[in-house]
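Asks: Pulled the feature table from TrEMBL, pasting it below:
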BINDING   Asp74, Gly75, Arg79, Asn149, Glu150, Asp179, Thr190, Gly191, Tyr192, Ser193, Leu194, Ser195, Ala214  NAD(+) binding site
ACT_SITE  Asp74  active site, proton acceptor
Amino acid sequence: MKVAIYGQYYQNSTEPIINDIFVFFNKNNVEMVIESHFLLMLNEKKIVENKYKTFTSHTELDSSFDMLISIGGDGTILRAATLVRDSGIPILGINAGRLGFLATVQKENIAEFMQFVIDRKYTISKRALLSLTCSPTNESIEEINFAMNEITVSRKDTTSMITIDTYLNDEFLNSYWADGLIISTPTGSTGYSLSCGGPILTPDVKSLLITPIAPHNLTARPLVVPDDTEIRLKVSGREENYLVSLDSRVTSVKNESILILKKTPFQINMVEIPEETFLKTLRSKLLWGQDKRN
Ligand SMILES: NC(=O)c1ccc[n+]([C@@H]2O[C@H](COP(=O)([O-])OP(=O)(O)OC[C@H]3O[C@@H](n4cnc5c(N)ncnc54)[C@H](O)[C@@H]3O)[C@@H](O)[C@H]2O)c1
Ligand SMILES: Nc1ncnc2c1ncn2[C@@H]1O[C@H](COP(=O)(O)OP(=O)(O)OP(=O)(O)O)[C@@H](O)[C@H]1O
């Protein structure tokens with residue numbers, strides 16, 4: 001078995017996690033290839049020897065890899081997705097961060113979960129992604145043109161609201177007057193969209209979510225649409241530019257540009273370990289069932 005290992009940060013709390021993973025994988029003859037910046041951090045702290053192979057970009061992650069292990073929080077998983085791209089390599093998240101909603105393995109029971117990995121006792125949860133076409137073209141979007149959580153348009157350099165003309169499959173939907181608009185995948189439904197009053201979708205639901213950010217209109221509500229819908233946006237406002245984000249990546253776009261959002265032809269494969277299902281994560285991470293009255 002061959003796995004890629006990726007992380008963005010090193011803190012003292014990382015050491016036991018790394019130790020557990022490396023001891024377990026070495027004992028079980030799993031080949032580890034480590035992202036070069038992450039290995040440098042681990043070398044500097046003398047946590048890991050320099051004997052491992054490294055990778056630096058998505059081009060080096062080929063079909064010989066069985067899995068990518070992301071050590072960090074949700075932000076790290078979103079970056080890990082930009083490394084695996086359309087390769088189909090499944091991602092398993094080990095939560096070294098804070099909420100870690102997408103990172104299903106908790107640091108307390110790494111060895112137990114890694115045993116599921118080498119016994120291949122896991123399932124794959126396929127995550128739909130969104131891509132963006134911008135006219136005129138925006139080069140910073142071209143390089144990594146997909147979002148696993150959401151694509152958001154929002155106001156920039158102003159407190160003034162923006163107007164977002166929105167069309168679904170060429171039919172006019174609404175002109176949102178708001179701080180912004182979130183187009184979310186089912187995976188992203190527990191992220192930014194949730195904070196703006198959007199519903200939670202289970203990851204396998206074939207839908208997209210359109211959630212306005214602070215609309216100045218009491219009747220504007222989050223809308224669920226089929227995931228084969230082509231969504232077209234045109235933004236206008238007092239400033240010349242507005243912000244577009246794809247997950248954690250942000251760029252500036254000129255007013256009146258045309259944005260077309262569509263589901264990508266490929267998906268991201270997330271590893272689901274027995275017992276760590278989406279429904280269990282809802283209860284444990286969003287604290288459902290904590291109300292002791294029932
Ligand atoms: N007000 C908000 O809730 C808000 C605002 C901006 C961005 N976000 C989210 O943050 C993401 C980018 O992450 P970052 O690390 O760069 O920002 P960050 O460091 O501000 O982290 C945002 C928080 O959102 C959580 N999160 C991210 N994706 C999630 C998901 N699919 N389900 C549940 N929680 C999730 C993370 O655990 C983290 O606690 C965006 O894709 C967006 O979903 C949320
Ligand atoms: N490899 C790591 N080792 C130790 N701590 C980490 C590691 N990766 C992330 N962290 C801690 O978690 C924080 C958040 O990490 P990250 O950016 O991956 O997630 P996030 O998007 O903020 O989501 P979450 O709330 O799930 O942590 C970091 O600022 C850091 O403190």
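Keep in mind that glycine also has a Cβ here, set from the backbone N, Cα and C atoms.
TrEMBL: automatically predicted annotations, no manual curation.
Worth saying up front: this structure is predicted, and the values here are computed from it rather than measured.
So where do these features actually land, and what's packed around them?
Replies: Residue environment of Ala214 (NAD(+) binding site) contains 13 other Cβ atoms, counted within 10 Å of its Cβ in all protein chains. DSSP gives Ala214 (NAD(+) binding site) a coil state; it is part of no helix or strand.
Around Asp74 (NAD(+) binding site), taking its Cβ as the centre, 24 other Cβ atoms fall within 10 Å, counting all chains. Asp74 (NAD(+) binding site) falls within a helix when secondary structure is assigned with DSSP.
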Asks: For a Cβ distance below 6 Å to any atom of ligand 1, name the binding-site residues from Asp74, Arg79, Tyr192 that qualify, or say none.
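Replies: Near ligand 1, sequence order: Asp74, Tyr192.
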Asks: Which binding-site residues from the list Asp74, Arg79, Glu150, Thr190, Tyr192, Leu194 come close to ligand 2, meaning a Cβ under 6 Å from one of its atoms?
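Replies: The qualifying binding-site residues are Asp74.
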Asks: For Glu150 (NAD(+) binding site), which residues of its chain lie six or more apart in sequence with Cβ-Cβ distance below 8 Å?
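Replies: The list for Glu150 (NAD(+) binding site) reads Leu130, Ile182, Ile183, Ser184, Thr185, Gly188, Gly191, Tyr192, Ser193, Ser245, Asp247, given in order along the sequence.
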